[in-house]
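The active site, proton donor/acceptor annotation in TrEMBL covers C81, C191. Sequence annotations record features per position, and here TrEMBL assigns substrate binding site to D17, S18, Y49, G50, N82, T83, T192, H193.
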Amino acid sequence: MHTKWRRDLSGPILVFDSGIGGLSIFDEIRQVLPDKQYCYLFDNARLPYGELDEQVLISGCKALITSIVKMIDASLIVIACNTASTLVLPALREVLNIPVVGVVPAIKPAAALSRNKHIGVLATPGTIRRPYTHELIEQFGGDCKVELYGSSELVILSERKAAGIDIIQADIAKILNPIKCSGLDTLVLGCTHFPMLKVEIQDYLGENVLLLDSAKAVAARVISLCLQLDEKNRNRNNSKDEVSGSESKEMIALYTSEEISDGLKNTLAKIGFSNIEKVQTG
Ligand code: DGL
């Protein structure tokens, strides 16, 4: 990787997902903290995460994320992926000495907002299976009937949309039909890929179903941690850490597959990523 980082008061924020889903969270963070440096890392060589063996997911994420944190000297990491968050947060926190923020499906607000006390969680098959999710429902589901729906197809459709390929509404309909028929009035988008298809999902389910995701809540947590970090660094360093390297605020997107499509490159460039590179390992 050839990009030089302008050394900020604190290092870049690393946002991680298996694919383009984490951009829904990145977008919320950047709206409030536009002057930070960002690196978006996506492990698309191993997508969809919802189908991966648990141990493979944990060890792979740990190795990839720790090496990139070191390479860019990240100050904070956001695991902008529900599937990874259900498994890898403890392993990462054990080896990293920077804040690690995860994503939690918005079950608590969904239970509070549902009028008919019937909610659903739409996530990856991995997230739907994990004890982490079942404990959240136990803790925050209140008196609601909670139904779980797992789909990796929707992850793939969301990736296709980001690559500029038209989404066929019949494909969405096939996946969401059981939800439409269930009578629930509030649906948690428990995978960060799904807000990317919010318009299509809402169109199919109708305006009477409220869609909720956690992007704003995660962004709020990141913002508060960043303010604390900046304050700490200012007190510690005064001005000595403010310099060196290029003055431009480059944003990097790093992927793990051999290649990505021109469509996806265009989408990333439009968001503002000036460097889009394959992760160099070893
Ligand atoms: N975006 C991810 C999530 O929030 C994972 C999608 C996948 O790779 O299966 O769960």
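The backbone N, Cα and C atoms fix where each Cβ goes, and this holds for glycine too.
Recorded features from TrEMBL, shown on the structure.
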residue : record                             : DSSP (3 states)
D17     : substrate binding site             : strand
Y49     : substrate binding site             : helix
C81     : active site, proton donor/acceptor : coil
C191    : active site, proton donor/acceptor : coil
Inset, instruction - Enumerate the residues of the same chain, D17, S18, Y49, G50, N82, T83, T192, H193 excluded, that satisfy the criterion Cβ within 8 A of the mean position of the Cβ atoms of the recorded substrate site; list them in sequence order. - result: G19, G21, G22, L47, P48, C81, A84, T124, T127, V155, C191
Legend entry - For H193 (substrate binding site), nearby residues of its own chain (Cβ under 8 Å, 6 or more apart in sequence): G19, I20, G21, S24, L154, V155, S158, E159
Inset, instruction - Among all chains shown, work out which of the recorded positions D17, Y49, C81, C191 has the most CB atoms within 10 A of its CB. - result: C191
Inset, instruction - Determine, to the nearest whole angstrom, how far the Cα atom of Y49 (substrate binding site) is from the Cα atom of C191 (active site, proton donor/acceptor). - result: 11
Legend entry - Alpha-carbon spacing, C191 (active site, proton donor/acceptor) to C81 (active site, proton donor/acceptor), which is rounded to whole Å: 7
Legend entry - Cα-to-Cα gap, D17 (substrate binding site) vs C81 (active site, proton donor/acceptor), nearest whole Å: 5
